[in-house]
Amino acid sequence: MKSHKMLFGLQLAFTLAVCAFLIVPVVLSILAGLTSNYFVGLESGLTLRWVFEVWDGYRDTIFRSIGIALACLLVTLVLGVPTAYVLTRSGSRLSRVVEELLMLPIAVPGLATALALISAYGGMGGFRTSWTFILVGHVLFTLPFMVRSVLAVLASIDLKTLEEGAASLGASFRQRFFDIVLPNCRNGILAGSLMVVTLSIGEFNLTWLLHTPLTKTLPVGLADAYASLRLEIGSAYTLIFLLMIVPLLLAMQAFARPRPRRFISDDPVPESK
Amino acid sequence: MIYLLLPAAAFFGAFFILPMCRLFLVGGSGARGWSAYTAILTDPIYFNSLLATLGVAAATTVATLIISAIAGVFLQRHRFPGNALLVSMLTLPLAFPGVVIGFMVIMLAGRQGLVGTITQALGGDKWVFAYSLGGLFMGYVYFSVPRTILTVMSATEKLDPRLEEAARSLGASTWRVVLDVILPGLKPAFISAGAICFATAVGAFGTAFTLAARINVLPMVIYTEFTLSANIAMAAALSFVLGAVTWLVLALARTAAGSTVAAAG
């Protein structure tokens, strides 16, 4: 029993150490962003000066990132949800191939995807210099996550029976899709949406090559600030980024918790006579 | 019904398949011609950066798996006050992009970093290793631990506790249970999570870019070829090879683990 207690203690200590490794730099960075002079330390006093400076200098990157993330969400919804539906329903070898293809942009480094996009479309001036060029990259990268998360939900419900039931009652394909399929995969769509927005806001690998001086996004600005400005500015900018991304992450964590299934239960249906 | 696939297929064809084919052609169009694709093995500069990249990725994978296995199994098996808080803290950096991870490494091991301050206060030299391969390794571990812990936890949840009870009742020690029951049960999760760690570390660019300086990993080499040397053909060939390597690792893991590999950020 004693050795069990010791083992528990050791494991707890190890886990706490890992936690510290992950969290301490975040805390340090937040403090640095609020400290007057980080080199001197906290004694130099707390200030919001750096945050305001970042806000003045990089405000446009913040709004652009949010805009791109929302546009990306819209496109992935329109492209991804029907794709997941077809993949569930057809269930053939074709859908294996399609799934494999769709996952490629995750497997391939963002740098390679960005270079490919530039070599194919870099010559199209208007497209190359607009924010939609970045949007295309973000959609490629996030689409698999939307498809995956909707697929996961669709695979856990008996869609075929539900649809056949509806069809036998005379529902058209359109009605079935909007009144049965979509409400049933609502959780998957929500989880996928959170994922898409979070990933798009933070995307750097692709964006760094795709961006132009007029289409900088938040992570691009972060890289800029880290490279050329003082530690406090980089930290204050990181703080703003954290404020945007942490609520999304917390929402995602809340979603990841197992929840009771609502639509088709495994329990025998009580007879109602 | 198949028509529903058309929009996605059109988008994917126009913006991924076509550009990738184009990239492949560009790779063979430079001064080296098609031998650009073999230069990664024959040119010592590229070959050394390939070795450095694979080395860092392998070290990251091993370290991440060990850390996540210990912490993940522990958190899943023991319910205690604060457990949920620990889990959310461990998974908080999940969506940090590579650049931010690089900055966190600078906060820890950079010129004004915590490690340097502590080692100096203890009377030793100021440890600054953020801008080297060591820093990159640290960054990749930081990046990979949160997602791997989640994978390990969900795999642990699915392990049948009766197997462990059976082993114990037959007189197996804690270590034997870990070695013969828990680890084999987690093997598929390890393979898929490890493959993702490895592929991400091979292809990640943001962290190396933030730490920059003297780190010659392949993504950085590709980037300098493209921007500084304007050697677009070489950059294309290298990134095509890099993409093939990461895809192959993930595909092999998928076959080995017998299930779809969860995706990486």
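Just so it is clear, glycine is given a Cβ too, placed from its N, Cα and C backbone atoms.
Positions annotated as transmembrane segment by TrEMBL: A:12-41, A:61-88, A:100-121, A:133-154, A:189-210, A:236-256. Under the heading domain 'ABC transmembrane type-1', TrEMBL lists A:62-252.
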Stretch contact, the transmembrane segment (A:12-41) with the transmembrane segment (A:189-210), Cβ-Cβ under 8 Å, 3+ pairs: no
Close approaches to the transmembrane segment (A:61-88) from elsewhere in its chain (Cβ under 8 angstroms; 6 or more beyond its ends): 95, 98-99, 102, 131, 134-135, 138-139, 142-143, 145-147, 150-151, 154-155, 159, 177, 181-182, 185, 188-189, 192-193, 196-197, 200-201, 215-221, 240, 244
Recorded stretch, among A:100-121, A:189-210, A:236-256, maximising Cβ pairs under 8 Å relative to the transmembrane segment (A:133-154): A:189-210
Distant-in-sequence neighbours of the transmembrane segment (A:189-210), which means Cβ under 8 A and at least six residues beyond its ends: 65-66, 68-70, 72-73, 76-77, 80-81, 109-111, 113-115, 117-118, 133-134, 137-138, 140-142, 145-150, 182, 217-220, 222-223, 241, 244-245, 248-249, 251-252, 255-256
